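Read through the structure below, which is laid out as structure tokens, and then see the notes.
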């Protein structure tokens, strides 16, 4: 969809003196407090920096802006309505706010760009909300203030956390999770074993995951390692006979299965990179998604499950199978009670959906010539024990996974999967481990600040513990759970902590010092000086819009409906800005 | 030839871009064109939104925000409650743009009004399953159209604590 570029085209026309609070629908409820009174509090604007431009970073910038504006408006009302002079300790000491959003890649949006599956474009609509955030936080008549974007800036490498702490009043860490939750079983380093994070980043075209292509191509088309021309099959619309096993029961696991099964014909109209389609061919014949516990405990949600049950009807040539007996085995007394809890309503619907799918699976007999060629099967109550190889010394790679049948034991809400001593071997040419992302500490972060067991920064409602001006939001604050919308409440909580911090630290606030908005050693100006001194080619919002527009250039697209053909390397993105892309 | 919504939107957009390019129109100087382009941005329901220009019938609906403050607005009959909220500057998120891919436009109705609403699709139920502070009378604002019978009703935006 060309919406962001059209907006940029329109917005680039003479808004410098116009209050951009009235631009577009979204901006309207961003600017809570543009009033007519020319009174400005304090001598300068608050300077905040957000590290990371995914949903948590953008929602934080959005709600911090509106909180500050509401606060300033409320203070004005108090000032004009009270007869005696208002006590300075309760009034907001800043005249507005400037927020800088830093992002390691040239392009923003985090997991919305590199996590959300290409066949879920409606989920990416939230980018429109985010695109409305950079720009004015406050009209010029009332002290100005901007949200600025700095892409291609690596915090830790290009600028240190301690430098940011000194340049800004408030630093918000929103950098998400860069690593994987571990599964300690033998065979993880066999060729053909990937984590979901690697696989998802690759099929979404992340610049740092191009290497995954060869692993997937080999698994799908060259399992014997003899390069027997199989790779051409990918282009000729062949379906790979490889067996893929996805370990995990969340929505990410379902995404991996669906992308593998859909293949080129199912994905050609999406924003999946063409080079990915070249590797997938027309998809994989059999994908097995395996969960350790039962379906009631699975982390997947019903929308994604329902989508799998509809693939056949919608013409993707993929059937969905689940075994009645595994649903029954998972329905222990405790599971039944879990369904009765308040949180059980969604699970009850999942149970009904899967039982219906199981019944359909039973009905499909052998030799049904109408049956789809490809299958996604959901297996439950199976714990991965070992990943084993083909024992080929010349071409060692994964061959199968050994699972142990489990049964659920324990109280409702706390059931554990316990081994039963029965084992099953599932063939696998490609194994994808989808058991969760994990956070890592930022370079230069104090050891005490990070909880390495949980993979999060130690915090209290978003304020990083200790004597500092650091805050966290998103997955690096609460661990990698939830959906894009979960960041709304999360951001609001962190913003409330920021407001509380400022209200309770009037003496520390730089507002009382001599510096002003124009101070070259602080905030955006200080950052730019630092980056330029270190030769960092940062990317501005307008420059990102150029990259965005270039990705949607008709000459790049494989058909009329493909939304964009992503650039697969940072160099290509930066080349755009020199007009050589 | 069957044309899908996205293709239609693309066609409208390209036409609009061409128009802007040819006339060097500044949105500021042509407010009616501004409204048009805002509507064209609404990918979800281009045809429906174009119809809005001709329908002028309105009813009074009150949005009750999380802090209990009431915001009565004039809502056009036929518009979705999410679009009404955005048009009237009510703080209600609509992350997926009304395409049943989130639950951020969750609204709570009075029982007597809730009972008159058209039934939920599976897809709406699926997203409501994930909504925060879900109630027995919850619906997604992007799925409920204003009717004449809505005159005087109140809809509550769930309190997320902030």
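All residue numbers here begin at 1 and follow the chain in the order shown.
Just so it is clear, glycine is given a Cβ too, placed from its N, Cα and C backbone atoms.
According to DSSP, residue A:484 (FAD binding site) is assigned to coil rather than to any helix or strand. Here residue A:484 (FAD binding site) comes close to A:55, A:111, A:112, A:116, A:123, A:126: these same-chain residues lie at least six apart in sequence, with C-beta atoms under 8 angstroms from its C-beta. Feature annotation from TrEMBL assigns FAD binding site to A:56, A:103, A:111, A:155, A:475, A:482, A:483, A:484.
Listed in sequence order, the residues of the same chain lying 6 or more apart from residue A:482 (FAD binding site) and placing their CB within less than 8 Å of its CB are A:490. If you look up TrEMBL, you'll see A:249, A:250, A:251, A:252, A:292, A:293, A:304, A:482 marked as NADP(+) binding site.
The domain 'FAD/NAD(P)-binding' annotation in TrEMBL covers A:48-320.
Closest to residue A:252 (NADP(+) binding site) by Cα-Cα distance, out of the binding-site residues A:56, A:155, A:475, A:483, is A:483. Listed in sequence order, A:298, A:299, A:300, A:434, A:436 are the same-chain residues six or more apart from residue A:250 (NADP(+) binding site) with CB atoms under 8 A from its CB.
Less than 8 angstroms from a Cβ of chain B: among the binding-site residues A:251, A:483, A:484, that describes A:483, A:484.
Packing around residue A:56 (FAD binding site) is summarised by its Cβ count: 31 other Cβ atoms lie within 10 angstroms of its Cβ, all protein chains included.
Residue A:249 (NADP(+) binding site) sits 24 Å from residue A:56 (FAD binding site), taking the CA atoms of both as reference points. DSSP gives residue A:252 (NADP(+) binding site) a helix state. Of the recorded residues, residue A:155 (FAD binding site) and residue A:251 (NADP(+) binding site) place their C-alpha atoms 30 Å from one another.
Nearest to residue A:293 (NADP(+) binding site) in space, judged by Cα atoms and limited to the binding-site residues A:103, A:475, A:483, is A:483.
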